[in-house]
Amino acid sequence: MAQHAVYFPDAFLTQMREAMPSTLSFDEFISACQRPLRRSIRINTLKISVADFLALIAPYGWSLTPIPWCHEGFWIERDDEEALPLGSTAEHLSGLFYIQEASSMLPVAALFADDNHPQRVMDMAAAPGSKTTQIAARMGNRGAILANEFSASRVKVLHANISRCGIANTALTHFDGRVFGAALPEMFDAILLDAPCSGEGVVRKDPDALKNWSPESNLDIAATQRELLDSAFHALRPGGTLVYSTCTLNRQENEAVCLWLKETYADAVEFLPLGDLFPDADRALTPEGFLHVFPQIYDCEGFFVARLRKMSSLPAMPAPGYKVGAFPFTPLKGREALHVTQAANAVGLLWDENLHLWQRDKEVWLFPAEIESLIGKVRFSRLGIKLAESHNKGYRWQHEATIALACPTHAHAFELSAQEAEEWYRGRDIYPQTPPAADDVLVTFQHQPLGLAKRIGARIKNSYPRELVRDGKLFTGNS
């Protein structure tokens, strides 16, 4: 594989020589950093099983190599990447897989290790959504996930990925993660803190990642990480599991941050060893039981993962100084709720008791029941999924609800050809040879929902959201 020129500050190389265990070769580390990163994907099991996905893509000639720590994860090699980017394939557009670096699948694997089944989870630094969507798949879209992102510009991307993957059990917030320990004390069964870091492990993807690196910045970042971890630990219930991870390699931002928590809270912190997380995990195992993944070990990005359990309750942090404000939604119950449910079921939108109906003016939403106890304690950017807007003639069903809730075997489902599906993604109306009989149509391709539409005569009127419409070459090879 071709090498690329990576910028390494001398002080960084000195630090890595000190941090790297004697069992690893420093020359192999440098060589691995200069190799381009292997591409990898994670199959979205909310929409398709691993076996069915592999059967679906078998004719394409893709070469898939299993990732040891994620049953749904594969390294991928394709001959047609230049002709058709992976993100423009039909399977990606319909949310059947997520393009995700292999190392970044490790934290969620650790979070659910040892048959852990949390019902309320927080992803404290969630964008762009790879780990949130992985958590949702492991939870089977049940329970609830609070997905927080501090960067306002990245919240929109986070929501887009959650929506594409058909996820219904999330609430989005936009806060500095340091508020949650005070705002939501001991409210979560499990928390993932994939902390902001110096990014030393990503040089295979970005050869200039270390251009602004300095030992001093590592220490500044570690101070922020300690505050975030402290907040996360306070938000975790006693007995709950917390995973701390970074995509960096120095000990100050990794082992030292976790050891600081242990020194601060002593017996309240138990480190849970990760040596049995997957075969060969012991090659990256630290004496504390963490995984310190140098890129040459598994031929992936550099990464760090620690898992711990909260053994006892902690004194509360000072109350947050912000005001939440009035909650603008009211529960929808009784006859009204029944009417909405029956109307939704009639067009193929189905849900269970894990989701509850709420209303704001003419909008109807579905909130995960597990998140309702947090209402009034924190301000949400977006909660659950928007199901519909009511109007005089009924309901205007929303695209994100269709992707998350539609039953592709419903009587109104209408399977498109590849050419028709591509036209759909381009925002164009469909003119099938044999139009559907029903006026309300659940449009599908590869038996996956693409949207709800109206049949007008022989034409299916396109309802694909304008902001999602695609141009350029798509999966049939036509521009």
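Every residue, even glycine, has its Cβ placed from backbone N, Cα and C.
According to Swiss-Prot, the protein has these features:
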BINDING   ALA125, ALA126, ALA127, PRO128, GLY129, SER130, LYS131, GLU149, ASP176, ASP194  S-adenosyl-L-methionine binding site
ACT_SITE  CYS247  active site, nucleophile
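Taking the features listed in Swiss-Prot, we show where each one sits on the structure.
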residue: ALA125; record: S-adenosyl-L-methionine binding site; DSSP (3 states): coil
residue: LYS131; record: S-adenosyl-L-methionine binding site; DSSP (3 states): helix
residue: ASP176; record: S-adenosyl-L-methionine binding site; DSSP (3 states): coil
residue: CYS247; record: active site, nucleophile; DSSP (3 states): coil
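Annotation: CYS247 carries the greatest number of neighbouring Cβ atoms among the recorded positions ALA125, CYS247 [cut-off 10 Å, Cβ to Cβ].
A straight line from the CA of ALA125 (S-adenosyl-L-methionine binding site) to the CA of CYS247 (active site, nucleophile) spans 13 Å.
Around LYS131 (S-adenosyl-L-methionine binding site), the same-chain residues at least 6 positions away in sequence with a Cβ under 8 Å from its Cβ are SER104, PRO107, VAL108, ASP123, LEU192, ASP194. Binding of S-adenosyl-L-methionine is attributed in the record to ALA125, ALA126, ALA127, PRO128, GLY129, SER130, LYS131, GLU149, ASP176, ASP194, and the widest Cα separation among these residues amounts to 20 Å.
Cα spacing between ALA127 (S-adenosyl-L-methionine binding site) and CYS247 (active site, nucleophile): 14 Å, rounded to the nearest whole number. Taking CA atoms as the reference points, GLY129 (S-adenosyl-L-methionine binding site) and the residue listed as 'active site, nucleophile' are 15 Å apart. Contacts of ASP176 (S-adenosyl-L-methionine binding site) defined by a Cβ separation under 8 A and a same-chain sequence distance of 6+ are given as PHE150, in order along the sequence.
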